[in-house]
Amino acid sequence: MLMKSAITSTYSPTGSRNFFLNLLKKSTTLSHLTQTHAQIILNDFQNDISTITKLTHRLFDLKATSYARHLFLSIPNPDLFLFNVLIKGFSNAHSISLYTHLRKCTHLKPDNFTYAFAIASASTLSDEKVGILLHQHAVVDGYGSDLFVGTAVVDFYLKNWRIDLARKVFDKMPVRDTVSWNSMISGLVRNCCFDDAVWVFERMLKDGGIPLDSTTVAAILPALAELQELTLGMEVQCLAIKLGFHSYVHVLTGFISLYSKCGDIEAAKLLFGEIRRPDLVSYNAMISGYTSNGESGCSVRLFKQLLGSGEKVNSSTIVGLIPVFHPFGYLSLTDCIHGFCVKSGILSQPSVSTALTTVYSRLNEIKSARLLFNESLEKTPASWNAMISGYTQNGLTEAAISLFQEMQRSKVSPNPVTVTSILSACAQLGALSLGKWVHSLVKSKNFESNMYVSTALIDMYAKCGGISEAREMFDLMVGKNVVTWNAMISGYGLHGQGQDALKLFSEMSHSGVTPNGVTFLSLLYACSHAGLVEEGEKIFQSMIHDYHYKPLPEHYACMVDILGRAGQLEKALKFIKEMPVEPGAAEWGALLGACVIHKDKKIACVASEKLFELDPESVGYYVLLSNLYSVERNYRLAASVRQDVKKRKLAKTPGCTLIEIGETPHVFTSGDQSHPQASAIYAMLEKLIRKMKEAGFQTEIDTALHDVEEEEKELMINVHSEKLAIAFGLIATDPGTEIRIFKNLRVCVDCHTATKFISKITERVIVVRDANRFHHFKDGLCSCGDYW
C-alpha cells in the first residue's frame, strides 16, 4: 500500500510507466517480477502494452515461459512488438503457433523481426519444411533481402545440414554484417565443413569492410584445429593480438584447444597460464587438451584441482577427461570415470554416455559399450552414431546395420555422421543394395553437399564393385578434400586400374590439394595390383624427395609387394635390407606372399624365419609357407608347418563368401549344406564342373591337404564358398544378370581359374571382391590379368 500511495502521489501516468519499466529492468528473480506484476495491476497498468511487453521479456529471461504465456493471453489487443517478444522467447513449436495466429487471426503483419525469430524457432523442430515455408513467406512479404532475416535463414539451413541452401542465401544477401559472417563460419564448422569455413573466413578478411570481432576469431579456431592448420592458427593469433581480442577468455580458450589439437601442449599450457581467473570452459579445454595428447595423468591432476577449488564440473569436463583419442591402456581410468559419473548423476547427460560408449568401443569392450547405450535414458543422434560407429570399427558390420535399422524404427532422424558410419559398414560387408538405399536417403535428406557423406558414398560404391558409380559421384562433387581424392584413387587400386589411379593423382596435383600418406599408400597399392613397377618406384621416390614425406612401414611393405609380385624377389630382398629403419612383419610378410606366387622356397625360408620371430602368433604366414611346400609337393615340410600351427593353438580364419540377391544377403562357407536351396546349388555346381572340364578346366589341387586321396582333394576344392555362392547366383538371378560376390580371404588359384571358365560358359559378368582387390570376370578373362 505504501508503494501504491507513493506511486500515485508522486508520478503522473507516464512517469509511473517509466517507474515500472525501470523496476522490471532491475528485477533479478521471479519473486521480484510477481510482486512488480501485482503492483502493475493495482496501479491499473495491466493493459499497458509497453509495461506488459517489458514484463513478458523479463519473464522469458528468467525462464518463466508458462507465466509469460498466461500473461500474453490476458492482453486483449497485443501489438506486433509483443508478438515478437513471445515468438523469440518461446523459440520452439509455440513460436510457430503464435506466428500462425498472428497471420490468420489479427490485422497485424509480420515484420523482419517476426520472421527472423520464427525462422530461428523453426531450427529447433525436426521437420525442416516449416522453416523453408517461413523463408518463402518472408520473401513474398518483401523481406528476402533483409539482413536480420537473411542471417536467421542462413543459420536455420546450416542447423538442418542444408549447406547448399545456406550458401545460396548467404551469397545473395546484398548486405552482410559481422553477425551474418560469423553465423556462416560457425555453421560450416558445426557441419564439419572445415575447409569451407576457412575459405569464408579468408573471404571476410579480403572484403575488408566488415570488422572482425572476438566471436569471429573464436568461431574459426575449431576449423583450424581440425585441419591441423597451426601456421594459419598462429596468423589468426597475431590478428587477435592486433585487434585487441587475444586477452578475452573465450578467445584464449579457443587457442588452447587449437594448440592442443595440433599437438603443441606446451603452448596450450602457457596460454592457460595467461588467464588470471580461468572459468570452467577454460579448465575444460585444458583438461581435454591433456587427454587428447595422451597426457591423461595431467588431465586427471587438473580435474582434481578443479574439484578441490569447489567448482562444479559439467558434462564437458567429463567428456574432456575421457580418453577417447588415446584409449589404449586406460581401461581402468575409463571405468573410474564411469563410476564417478554414476555417483554424481552426470551419466544421464547424453554427451557423457556417448563419449564413454565411444571409448569402450575403441577398447574393443563392445559389450560394455552396448550396455551403456541400452541404459541411456536419452538417446540422441550422437548416441546412436557412437554405437553404430563402434560396431563398424570393430568389424561387426551386421550389428551396425541392424542397429541402424533399429534407429530408423525409433524415428530418430539420421544425420551425416550416421550416414557416413553406415556407409562404411556397407563398404566392409559389400552390402550394395543397402548402400544404394542409404544413397536414396542421402538424396531425400539433401546430404549430398556434405563432403564427408559424398566421400563415404564414393568409398562404398568402389568397395561394393561399382567403380563407375564411384567415379560418377566423384565427378559430381564441387569441393574435394584429400580424403575424397584418396577414396577414388584407392577405389581404382582395388579394381586393378593402376593407370587410372596415376592419372587421377596427376589431376589431384594440379588441383592444389596436397597428398598425404594415405594418398601415396593408395597409389603404391594401385601400382602393385597392376604390375606397374617403374611407376611405383617413381611414386615412392617422389613421396620422399618431392613431398618430403617419411615412409611408414605400410609404404615400405607396398614397395616390397610391387617388386615381389613382378618376380623381382632378389631386388625386393635387397630393398628390405637397405631400409633406413628396421623392417617389420609387414615388409617380410609382403616378401613371403610374393615367394609363394613365384614358388621361391629359398627366399621364402629367409622371410618366414624373420616372420616367426617378429610375429609368431599370426597364422597367415604359416599358411603361406605350408601352401608353398604343398605346391612343390614337399608334403613332409607342409605337414610340419601345419603341426606347428596346431601346437601353438593358432586358428586360420574360415573362408566365407557373401552374395546379395535383391536385398537379402546369403553367406556360404566351404562345403556348406545349410542353405534352403542346397540341393539345387550343388546340382548347378555339378553341372558347371562337367561343362568346365569339357572346356579344358583342370582342378588345382596342389595346396589341398596332402594326406587325402586325389579325388577327395578335388571334391574339397570344388565346394569352396565362392563356387557355392556363384552357383546360387546363377539359379537365383535372371540370365545375363551380373553376379557380385564378396570373399573374406584371398581367392584361391583354383576358384580364380574356375570363375573364368564359368563366366564364359554362362555368358555372365562375375565380379569378385576378395581380401586384396576386385576381379571382373567376363568371357573367360579376368581384369587382373591373372596378376593378383
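Using N, Cα and C of the backbone, Cβ positions are placed for all residues, glycine too.
TrEMBL lists 177-211, 279-313, 380-414, 481-515 with the feature repeat 'PPR'. Under the heading domain 'DYW', TrEMBL lists 696-788.
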Spatial neighbours of the repeat 'PPR' (177-211) far in sequence, C-beta under 8 Å, 6+ residues away
147, 150-151, 154-155, 158-159, 161, 163, 166, 170, 219-220, 222-224, 226-227, 229, 232, 416, 450-452, 479, 481
Do you know the DSSP helix, strand and coil residue counts for the repeat 'PPR' (177-211)?
27 helix, 0 strand, 8 coil
Helix, strand and coil totals (DSSP H, G, I; E, B; other) for the repeat 'PPR' (481-515)
27 helix, 0 strand, 8 coil
Average pLDDT across the domain 'DYW' (696-788), rounded to a whole number
81
